[in-house]
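TrEMBL annotations:
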DOMAIN    39-508  domain 'Major facilitator superfamily (MFS) profile'
TRANSMEM  42-64  transmembrane segment
TRANSMEM  76-96  transmembrane segment
TRANSMEM  108-125  transmembrane segment
TRANSMEM  137-157  transmembrane segment
TRANSMEM  178-195  transmembrane segment
TRANSMEM  215-233  transmembrane segment
TRANSMEM  268-287  transmembrane segment
TRANSMEM  307-328  transmembrane segment
TRANSMEM  340-359  transmembrane segment
TRANSMEM  420-442  transmembrane segment
TRANSMEM  454-478  transmembrane segment
TRANSMEM  484-504  transmembrane segment
């Protein structure tokens with residue numbers, strides 16, 4: 001599958017021109033083409049490392065937090081988890097606006113340096129005598145702030161590719177991001193072999209163990225990333241046809257560059273795409289959150305079984321997403337981005353509809369109180385514990401099943417395992433399709449003008465969705481159960497499909513809208 005991305009990238013915008021001719025110079029020289037794609041691939045790597053920075057410690061945050069500060073509770077854990085998305089939400093428009101007026105190297109280098117510093121802080125949070133949990137909160141928030149460079153990456157790739165190349169490039173970007181989310185926990189698992197004690201470097205008071213080694217690796221990779229950006233990345237901007245454009249980001253001007261085409265951006269399409277992107281990420285964030293408590297309630301899995309089986313399911317969905325990202329590049333050339341987005345939403349709706357409980361078989365009831373075995377009514381942090389808390393010392397899991405304090409367990413039919421797995425596969429198809437198509441369309445709607453600020457708002461809306469999705473599903477699921485929770489999600493998807501239908505004709509490329517290119 002990886003060869004599809006390379007093949008698409010190796011399709012230069014040179015037409016049938018002869019090197020040295022005037023037409024060749026105006027469209028793109030071979031040197032410019034190679035430099036442009038080297039820069040884009042560096043940003044693929046940056047996107048990969050950004051997602052690794054989030055996922056590489058996600059499995060160990062809770063035990064590490066308990067180790068360094070015994071006053072930390074489940075409520076505080078929720079803030080630690082959410083701080084990444086909060087930081088990214090704040091930073092994205094800032095870095096995006098910065099990239100509109102200055103060379104992209106500047107916000108990229110600064111953002112990665114912030115992430116490196118934050119990872120180093122995370123490695124030292126056990127050193128202070130008190131308030132350790134607040135240092136961890138700040139560290140994760142700053143890692144998220146550094147991850148705001150996603151807006152710069154997307155705006156750069158959108159501006160450095162023609163309409164013909166855009167979908168393929170955005171799919172590659174999403175594939176790199178998905179790989180980062182998949183491999184992050186794998187790296188964490190490898191470092192678990194070091195153990196909690198690890199080794200201590202007394203001179204600099206650095207303890208290298210299963211909790212700190214992943215972030216130290218992240219810091220090292222971040223430094224390498226900065227070096228690559230400073231030495232390899234060059235500013236490139238092309239119009240929708242692939243011709244070089246003048247822009248303030250360019251370090252050198254060329255007499256062959258064309259002016260950025262003038263025209264107004266369709267703000268209705270911009271707002272609609274932001275809403276679509278928010279809903280798409282909101283729905284997947286709530287699905288990721290509900291997987292563990294749902295399977296524990298429905299199938300009486302122990303915590304240990306849930307961590308193992310659900311981890312395998314989510315990893316499989318990640319692999320499925322990468323395959324979808326690769327296949328979409330071919331499919332979009334035949335049916336178009338809007339049709340794939342609509343189809344993806346329909347598949348997601350079918351996935352959640354299948355999850356609705358039917359029949360007369362009920363889940364096993366857990367009559368004995370067991371904390372953290374399903375979503376409680378209290379805090380967001382306790383939801384996170386159900387996903388990532390690893391049993392410690394005592395391997396007696398206690399009673400399993402659907403807790404009797406959740407009244408809906410007594411009258412709601414169970415969701416069969418075949419239902420759940422079928423739904424997961426469908427959502428795993430629909431989500432990546434919608435994800436990559438939404439911001440591919442967004443970049444085309446914005447056109448060849450600097451997109452940093454707009455991409456910043458898009459990334460911020462996605463970050464807000466990742467914060468609100470888990471909160472929404474936790475409250476509805478705990479109070480009313482899966483029937484109401486998934487019915488509301490189905491209704492939300494129907495409204496989203498309706499919105500897409502209303503604005504469908506407006507979701508076209510800037511150059512197509514202004515009559516410069518035929519669709």
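Just so you know, the numbers here start at 1 and follow the chain as drawn.
Glycine is no exception: its Cβ is also placed from the backbone N, Cα and C atoms.
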Folded-back contacts onto the transmembrane segment (76-96), same chain, C-beta under 8 angstroms, at least six residues removed: 54, 58, 61-62, 65, 107, 111, 133, 136-137, 140-152, 155, 379-385, 451-460, 463-464, 466-467
Of 137-157, 215-233, 420-442, 454-478, whichever stretch has the most CB pairs under 8 A to the transmembrane segment (307-328): 420-442
Recorded stretches the transmembrane segment (215-233) and the transmembrane segment (108-125) touching, at least 3 CB pairs under 8 Å: yes
Non-local residues, at least 6 beyond the ends, that sit with Cβ under 8 Å of the transmembrane segment (420-442): 154, 166-167, 170-171, 174, 178, 270, 273-274, 276-277, 280-281, 283-284, 287, 291, 294-295, 298, 313, 316-317, 320-321, 324-325, 328, 332, 337-338, 340-341, 343-348, 350-352, 354-355, 454-455, 458, 507
Best-contacting stretch, by C-beta pairs under 8 Å, relative to the transmembrane segment (454-478) and drawn from 137-157, 268-287, 340-359: 268-287
Outside the transmembrane segment (268-287), six or more residues from its ends: residues with CB under 8 Å to it: 341, 345, 348, 352, 427, 431, 434-435, 438-439, 441-442, 445-446, 454, 457-458, 461-462, 464-466, 468-470, 472-473, 489, 492-493, 496, 499-500, 502-503, 506-508
Range from 42-64, 137-157, 340-359, 484-504 with the greatest count of C-beta pairs under 8 A to the transmembrane segment (178-195): 42-64
For the transmembrane segment (484-504), distant same-chain residues with Cβ under 8 A (at least six beyond the ends): 268-269, 272, 275-276, 279-280, 282-283, 286, 290, 338, 341-342, 345-346, 348-349, 352-353, 355-356, 473, 476-477
Intrachain neighbours beyond the transmembrane segment (340-359), with Cβ under 8 angstroms and 6 or more residues off its ends: 276, 280, 283, 328, 331-332, 412-416, 419-420, 422-427, 429-434, 437-438, 441, 481-483, 486-487, 489-490, 493-494, 496-497, 500-501, 504
Intrachain residues whose Cβ lies under 8 Å of the transmembrane segment (137-157), provided they are six or more past its termini: 39-40, 43, 46-47, 50, 53-54, 61, 76, 79-81, 83-88, 90-96, 98-100, 104, 107-108, 111-119, 121-122, 125, 169-170, 173, 439, 443, 450-452, 454-456, 458-460, 463
